[in-house]
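Encoded as structure tokens, the structure appears first; notes follow it.
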Amino acid sequence: MPDPLLYTKAMGVAAFISMALVLAIFAWRRRLKMAELNSVCVVGIGFGLVAGYAVLALNLSWPPANALDRLLLIIVPATLVIELIAGFQRVPRAVAWLIRISLALVAPWILLHNSIYLNDSGDWTPWQVGLVIVVSAALLILVWGLFSVLSQRSGGVSLPIAVCIAVQCAGVAVMLAGYIKGGAAAIPLVATLLGTSIVVQGVARFFSGKIDVSLPQKVVVPGVVGVGLVGLFGLLFIGRFFGEISTLTAVTILAAPLLCWLSEARQLRNRKPWIIAAFRLIVVAIPLVVVLLAAKREFDREMSPLLGAAGRQDDQRATECNASHFLILGQLLAERRESSGASKSEGLAPFR
Amino acid sequence: MPRVFSLSAFSIVLSAVFCCGTDATAADEYDYDLVHSSVSFKARHLDISWIHGRFNDVAGKFVLDRDDPSKSTFALTIKTDSVDTANEARDKHLRQPDYFDTKQFPTIEFKSTSTKAIAGGYEVTGDFTMHGKTNKITMTLMGGKEHVFKDVKRVAFSTELSVKRSDYGFDKNAIGPIGDKALIMIDCEGVRK
């Protein structure tokens, strides 16, 4: 059952840890170049994620048993390491992108590992497997590449926020499609990305004179973008191939951050930064809201038979029944059940 | 000398054939008969009622050795995708990674490791694999009565076993209003090959 209180706690802890760590390193080093800032942010995100997932208690197992385990225990840590390496000044840009492309190519294969898609008994032929892996990897590389170009070209805190909105939307869509744990995995990711981006922006804007940090005001840390987009891709991939979200939903959410490119239109490019930021966030939010509304409608339609409303299924009200009420009711009943341990053991008597 | 050699070789071959023949008749190999068998389950809902369901796609094989029951073996493979609780929306939900994760773990399997004859059936110990986790379980198979119908030999067993979902890596947060324990009822009929 979704637990909003737990999610809020996980979000708070993940954001606090990542923000505190980045701020502490800022205060300690006092001299930071862009490459070092990237490393600091990547470390902050890493610690924030560990803390956030510890609070969520996602029951991850090692060796990884399912796709979510592989995303959180292999792919996200690998992305953090790659972004750490790519951030070093000595590493040529081409090499950094070669490593990123390699990760994008193996990520779908890692996520599908040992599933029916790659087993001999599975539904897919080797051709289909190859096609899905190549198309998925190409999509990730395309989104990652275009977004990185935009980050370097015009920057602005609205870019990582746009990625965060897309990641959160992916989490909610996966959850509404019935995979609660998969959707919850988005929460610490959003919190750490948002936390580090806000801290970096704050330092660049308000403390650049006080501490010796030479950052442009529109700085976008490549590590934040990398981890955000790989996390977004992973969640959507799992939701599509292991959960019940549709290909259209997944592709729409993955591509939504690219709508920030519209702010590069001649009429908008030279506007005030807050206008550009607001435009970007609105333009990214529009398709995401449409996708979420469709997901919510589907959720209500799918859940209504589970509400025990069999007698009034023809009733219009049954189809319009708010499924979130069902979740809250389930939560309350589960809590009540936990508090009355005695009645639980009596109820399970037939098993003993 | 060559004649003596060939005679003894012939007798060894003959005795080997007879030995194998005796074994083959003692141990009968049966296939799971999907038409006359069922694997069903029930789990508590909100701790006030039971939800019932079944798996429609099951396969299995068992070898019964009446003379030496310890040589008998039982194997069962259940396709998790075939879960059926008479509600399509709930079945779809149960196939998701929060529950059976059918794309990742397409089967539930049981393979016996030891068999012991008891009054009215067999006590079978084996590896039960569900949701990617394997635990050793012991189940009591009651029955074993044979029947020949239209020249086909049949044998049947029934058993019930209780499993805790949390023992098999199911997410505790997803257990929610559906109880942790589930009761699995297996009624299977085997047809001799």
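Any Cβ shown, glycine's included, is placed from N, Cα and C.
TrEMBL: automatically predicted annotations, no manual curation.
Over in TrEMBL, the protein carries these features:
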type	residues	note
TRANSMEM	A:6-28	transmembrane segment
TRANSMEM	A:40-58	transmembrane segment
TRANSMEM	A:70-88	transmembrane segment
TRANSMEM	A:95-112	transmembrane segment
TRANSMEM	A:124-147	transmembrane segment
TRANSMEM	A:159-180	transmembrane segment
TRANSMEM	A:186-207	transmembrane segment
TRANSMEM	A:219-239	transmembrane segment
TRANSMEM	A:245-262	transmembrane segment
TRANSMEM	A:274-295	transmembrane segment
Tertiary contacts of the transmembrane segment (A:124-147) (same chain, 6+ residues out, Cβ under 8 Å): 97, 100-101, 104-105, 107-109, 112, 117-118, 159, 163, 225-226, 229-230, 233, 237, 251, 254-255, 257-258, 260-261
Range from A:6-28, A:70-88, A:95-112, A:219-239 with most C-beta pairs under 8 A to the transmembrane segment (A:245-262): A:219-239
Region pair the transmembrane segment (A:219-239) / the transmembrane segment (A:6-28), three or more CB pairs under 8 Å: no
Other parts of the chain folded back onto the transmembrane segment (A:40-58), taken as Cβ under 8 Å at six or more residues beyond its ends: 6-7, 9-11, 13-15, 17-19, 21-22, 25-26, 29, 32, 68, 72, 76-77, 80, 83-84, 87, 181, 184-185, 187-189, 191-193, 195-196, 199-200, 221, 223-224, 227
Ranked first among A:6-28, A:70-88, A:95-112, A:159-180, A:186-207 for CB pairs under 8 angstroms with the transmembrane segment (A:274-295): A:159-180
Cβ pairs under 8 Å between the transmembrane segment (A:6-28) and the transmembrane segment (A:159-180), at least three: no
Candidate ranges A:95-112, A:159-180, A:186-207 - greatest C-beta contact count to the transmembrane segment (A:70-88) (under 8 angstroms): A:95-112
For the transmembrane segment (A:186-207), distant same-chain residues with Cβ under 8 A (at least six beyond the ends): 7, 10-12, 14-19, 22-23, 26, 37, 41, 44-45, 48-49, 51-53, 55-56, 76, 157, 160-161, 163-164, 167-168, 170-172, 174, 213, 215-217, 219-221, 224, 227-228, 231, 235
